[in-house]
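J.: Copied straight from Swiss-Prot:
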type	residues	note
REGION	1-399	region 'N-terminal catalytic PFK domain 1'
MOD_RES	Met1	N-acetylmethionine
MOD_RES	Ser6	phosphoserine
MOD_RES	Ser12	phosphoserine
MOD_RES	Ser21	phosphoserine
BINDING	Gly34, Arg97, Ser98, Gly127, Ser128, Gly129, Ser130	ATP binding site
MOD_RES	Ser142	phosphoserine
BINDING	Ser173, Ile174, Asp175, Arg210, Met217, Gly218, Arg219, Glu273, Arg301, His307, Val308, Gln309, Arg310	substrate binding site
MOD_RES	Ser386	phosphoserine
REGION	400-411	region 'Interdomain linker'
REGION	412-791	region 'C-terminal regulatory PFK domain 2'
BINDING	Arg481, 538-542, Arg576, 583-585, Glu639, Arg665, 671-674, Arg744	beta-D-fructose 2,6-bisphosphate binding site
CARBOHYD	Ser540	O-linked glycosylation site
MOD_RES	Tyr651	phosphotyrosine
Amino acid sequence: MDNKVSASPRGSYRKFLEHLSGAGKAIGVLTSGGDAQGMNAAVRAVVRMGIYVGAKVYFIYEGYQGMVDGGSNIVEANWESVSSILQVGGTIIGSARSKAFRTREGRLKAACNLIHRGITNLCVIGGSGSLTGANIFRMEWSGLLEELAQDGKIDNEAVQKYAYLNVVGMVGSIDNDFCGTDMTIGTDSACHRIIEVIDAIMTTAQSHQRTFVLEVMGRHCGYLALVSALACGADWVFLPESPPEEGWEEQMCVKLSENRAQKKRLNIIIVAEGAIDTLNRPITSEKIKELVVTQLGYDTRVTILGHVQRGGTPSAFDRILASRMGVEAVLALLEATPETPACVVSLSGNHAVRLPLVECVQMTQEVQKAMDERRFKDAVQLRGRSFENNLNTYKRLAIKLPDDKIQKSNCNVAVINVGAPAAGMNAAVRSAVRVGIADGHKMFAVYDGFDGFAKGQIKEIRWGDVGGWTGQGGSILGTKRILPGKYLEEIATQIRTHNINAILIIGGFEAYLGLLELSAAREKHEEFCVPMVMVPATVSNNVPGSDFSIGADTALNTITDTCDRIKQSASGTKRRVFIIETMGGYCGYLANMGGLAAGADAAYIFEEPFDIRDLQSNVEHLTEKMKTTIQRGLVLRNESCSENYTTDFIYQLYSEEGRGVFDCRKNVLGHMQQGGAPSPFDRNFGTKISARAMQWITTKLKESPGKGKRFVSDDSICVLGISKRNVLFQPVAELKNETDFEHRIPKEQWWLKLRPLMKILAKYKTSYDVSDSGQLVPVRHRGGPEEPAAI
C-alpha cells in the first residue's frame with residue numbers, strides 16, 4: 001500500500017486519502033443485533049468509501065447468520081446499491097441475532113464463506129455483543145483457516161494469502177451504553193422519537209390534568225431516560241445507574257403535589273426499562289402508577305414507548321455521525337496491519353477517534369458489574385463525564401430547595417436574548433434562571449434584547465415562571481438584532497436602577513458584537529464593569545469561540561427533513577434536479593452539513609470560492625448521473641455564498657445546460673429554519689451550557705465580597721464555547737483576532753474538514769486530508785482534574 005505523506009508548512013507530516021489504496025482488498029459490511037436509525041448511513045459510507053479507494057465491498061445480509069449461511073447472503077455491492085437509503089431507518093441489509101455464530105462450527109462455516117470471496121476485512125455495525133463476537137472470530141481466524149485446509153475446503157495458498165482478518169466496529173445502538181464513545185449511532189434519533197411522543201402527550205395531559213408515566217428503552221442503561229427527562233423537564237426520573245434513595249415513594253409524591261400546587265396541570269415521570277431500587281429490585285411503571293393513584297388520587301396513565309424508539313427517520317446528527325464513522329472505518333481497515341488490534345471508530349467531541357475494541361467492551365461490562373454489586377456511584381462515573389454531568393444538571397433544575405435553605409448572594413443577574421430567534425433559547429433561559437436562583441441570586445429577565453434593556457423592560461423572573469419552557473421554540477423573552485452602541489447611556493442607567501451585578505447574554509453574532517461594544521464602553525461607564533458572559537445561540541453556527549451554537553441542530557433537522565421530501569418528489573418525477581437555498585449568512589455550516597445529511601450532489605458555500613467552471617463540472621456530473629438508475633439531483637446553496645452566482649442564476653444555468661437531460665426546480669427554505677420545536681440536542685445543549693455560564697457568574701461574583709468591586713479585566717467578559725470536547729470561557733478581546741467581521745464568521749471553522757467527505761460520497765474525486773485519523777487512542781476511565789468536563 002502506497003501510504004505517502006507530505007510535509008506541511010508547520011513541519012509536521014500530513015497524510016492524504018489519495019495516497020491510500022484499497023486495490024486487491026475486499027471488505028464485508030454487516031449489521032448485527034438490534035437495529036438502530038443511522039445504520040443505513042453507515043453502510044452507505046462504507047460501501048462508497050470502499051469503492052472510492054478501489055476495494056471490493058460485499059453486503060453480508062442478516063448479520064452473522066448470513067455470514068454462516070453464505071450463498072446469496074454475501075453479495076458484492078455497487079455505488080447505486082446504497083442510493084436513497086440515507087433517510088431510511090433500520091438496516092437494508094437486515095440484522096439477526098445468530099446462535100450458529102456462537103459455536104465454533106458456525107464460525108468455521110463463516111470463515112469458509114469469506115475466504116471463497118477473498119474477504120479479509122470486516123466492518124461490523126452493532127452493539128457490544130456483536131463487536132465481541134467479531135473479535136473472537138478475529139482471534140480464532142488462523143486456527144479456523146488451518147482447520148479448513150485440513151478438511152480440504154481451502155488450499156494452502158489461500159491460508160497464506162488470507163492469513164489475517166482485520167476487524168473494525170461501529171457502535172449502532174439506541175441505548176448509548178458503549179463505553180468510550182460519546183454517542184452511538186441511533187441514540188439521537190431515539191431521543192427524537194421520545195421527545196416527539198412527550199410533546200404530543202403534554203397537550204392531552206394539560207387538558208385533563210393528568211400524570212403520565214413513560215417507560216423508555218435502554219435495557220440496563222439509563223441514558224435515554226436521563227436525556228429525555230432533561231429535555232422535557234420531567235418531574236421525576238428512574239435510572240438503573242442511580243436508584244432513588246430509601247423513602248423515595250414519599251419524596252416523589254411530595255414533589256408531584258408541590259408542582260400541582262404551583263398551578264402545573266401535568267406531571268411527567270420517566271422510567272428506564274431497567275430501573276431498580278438500591279436493593280436491585282425492579283421499579284416498574286405499573287408500580288409507580290399504583291403509588292400515584294393510591295397516595296395522591298391523580299388521574300394517571302402509563303405509556304410504554306417500546307419499539308417506536310427504534311423506528312422512523314434518522315436525525316441529521318445520526319446521519320452525519322454514521323457517515324463520518326463509515327469513512328473512518330474504511331480508513332482504519334486500509335491502514336490495518338497484522339499487529340493492529342480490532343478497533344472501534346467513535347466520536348470524541350467532534351473528532352473521529354479509534355479505540356481498542358477489547359478495552360471498550362471490558363469497560364462496558366464493568367458498569368454492569370458495578371450495578372450488580374450496588375456500587376452505583378462507580379456505575380455513574382464509569383458511564384462517563386457526559387452522563388454524570390447530565391445527571392447533576394437534571395437534579396439541579398428539577399428540585400427546588402426551600403427558600404430558607406438557599407444561601408442568598410444579594411446579587412442580581414440579568415438574562416437577555418439578542419439576535420435572531422434560535423430553537424433552544426428558552427431552554428437556556430430556564431436553565432440559567434433556575435441555576436441562578438439555586439445559587440442564591442435574584443434573576444431578572446430583559447425583554448426584547450438591548451432595545452428592551454434601554455427602555456427598562458426588565459422584570460424579576462422566578463423558578464415557576466420558566467416551567468415548561470424547554471420544549472418551546474423561538475424566544476419567549478423576545479429578541480432583536482439591535483446593538484447596544486447607541487443606547488449605552490440608557491442601558492447603564494437601567495443597570496444602576498435595577499442594581500444588576502452580572503449579565504448573561506444568549507444570542508448569535510449580534511450578541512458577540514454587543515459584548516465587544518459593552519467591553520469598549522467600560523472606560524466611560526463603570527456600570528458595565530460587571531461579569532458578562534455570552535452563550536452562542538444562532539442557526540448559522542457562526543459565533544467565534546465555539547464549535548456549536550444552540551439552534552443549529554434544529555435548523556439542520558428542518559433542512560434534512562425538507563430535502564428528504566424534495567428528493568422523494570424528484571424521484572417520482574424522474575430526471576429532475578432541485579436547487580435549495582439555506583440560511584446562515586456567509587457561514588456555510590447549514591449548507592455543508594445539510595448536504596452531508598441529505599446526500600446532496602453539491603453544496604455551494606462562501607468559505608470555498610467557486611467559479612463558472614465548477615458549476616459546469618457539477619452540471620456534467622449530474623448529466624452522467626441521469627444515465628444511471630438514480631435519476632434525480634439535489635444541490636444546496638448557502639444564501640450568501642456568492643454575490644453574482646445567485647440561486648436564480650444557478651437555477652437558470654442548470655435549466656439551460658441540462659435541457660433535454662434533466663429539468664430543474666428551486667426552493668428557498670427561508671425562515672422555517674428558525675422555527676419549530678427545538679431538537680433534543682438543542683434543548684440539552686442549551687440547558688447544560690447555560691447552567692455552566694451561571695456557575696461561572698457565581699464564581700466571579702464570589703471573587704467580589706464587597707459591593708464596590710469593579711470587574712475591568714478581559715477575563716470578566718467572555719464567550720462560553722465548546723471546542724472539541726472542552727468547555728472554554730474565552731475573553732471577547734482575544735476572539736477579535738479570530739473573527740472575520742466583514743462576513744460575520746470565525747476565520748477558522750472545524751467543519752470545513754468534512755467538506756471533502758460530502759464530495760466523496762457524491763462520487764467526486766477530491767483531496768482529503770486524513771492526518772487526524774489513524775491514532776489508536778486508549779480508553780480513559782475518567783478525565784483527570786486538569787481536563788475540563790464534557791458538556
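In case you wondered, yes, glycine gets a Cβ from its N, Cα and C as well.
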J.: Could you pull out which residues elsewhere in the chain have a CB under 8 Å from any CB of the region 'Interdomain linker' (400-411), counting only those six or more residues past its ends?
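T.: Residues 434, 437-442, 463, 501-502, 698, 701.
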J.: Find the shortest Cα-Cα separation between Arg97 (ATP binding site) and the recorded positions Ser173, Arg301, Ser540, Tyr651, and name the residue that gives it.
T.: Ser173
J.: Measure the Cβ-based neighbour count of Gln674 (beta-D-fructose 2,6-bisphosphate binding site), defined as the other Cβ atoms within 10 Å of its Cβ.
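T.: Excluding its own Cβ, Gln674 (beta-D-fructose 2,6-bisphosphate binding site) sees 20 Cβ atoms within 10 Å.
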J.: Let me make sure I understand the structure: which of the binding-site residues listed (Arg97, His671) has the fewest other Cβ atoms within 10 A of its Cβ?
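T.: The binding-site residues Arg97, His671 were compared, and His671 has the fewest Cβ atoms within 10 Å.
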J.: Gly34 (ATP binding site) to Gly585 (beta-D-fructose 2,6-bisphosphate binding site): how many Å between their Cα atoms?
T.: 41
J.: Using an 8 Å cut-off from the Cβ centroid of Gly34, Arg97, Ser98, Gly127, Ser128, Gly129, Ser130, can you name the remaining same-chain residues around the ATP site, in sequence order?
T.: Ser32, Gly33, Gly126, Gly133
J.: Just to verify a number: CA distance, Ser173 (substrate binding site) to Ser540 (beta-D-fructose 2,6-bisphosphate binding site), in angstrom, no decimals.
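T.: Computed Cα spacing between Ser173 (substrate binding site) and Ser540 (beta-D-fructose 2,6-bisphosphate binding site) is 30 Å.
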J.: With H, G and I counted as helix, E and B as strand and the rest as coil, say where DSSP puts Met217 (substrate binding site).
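T.: Met217 (substrate binding site) sits in coil per DSSP, no helix or strand.
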J.: Between all pairs in Gly34, Arg97, Ser98, Gly127, Ser128, Gly129, Ser130 (listed as ATP binders), what's the biggest Cα distance, rounded to the nearest Å?
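T.: Max Cα-Cα spread across the ATP binders: 14 Å.
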J.: What's the CA-CA gap between Arg310 (substrate binding site) and Ser98 (ATP binding site) in angstrom, rounded?
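T.: If we compare the Cα positions of Arg310 (substrate binding site) and Ser98 (ATP binding site), the gap is 20 Å.
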J.: If I restrict to non-local contacts, at least six residues apart, and a C-beta distance under 8 angstroms, what lies near Arg576 (beta-D-fructose 2,6-bisphosphate binding site) in its own chain?
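T.: Listed in sequence order, they are Ser569, Ala570, Gln631, Arg632, Gly633, Phe662, Asp663, Cys664, Arg665.
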J.: Please report the number of other Cβ atoms within 10 Å of the Cβ of Arg310 (substrate binding site).
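T.: The answer is 19.
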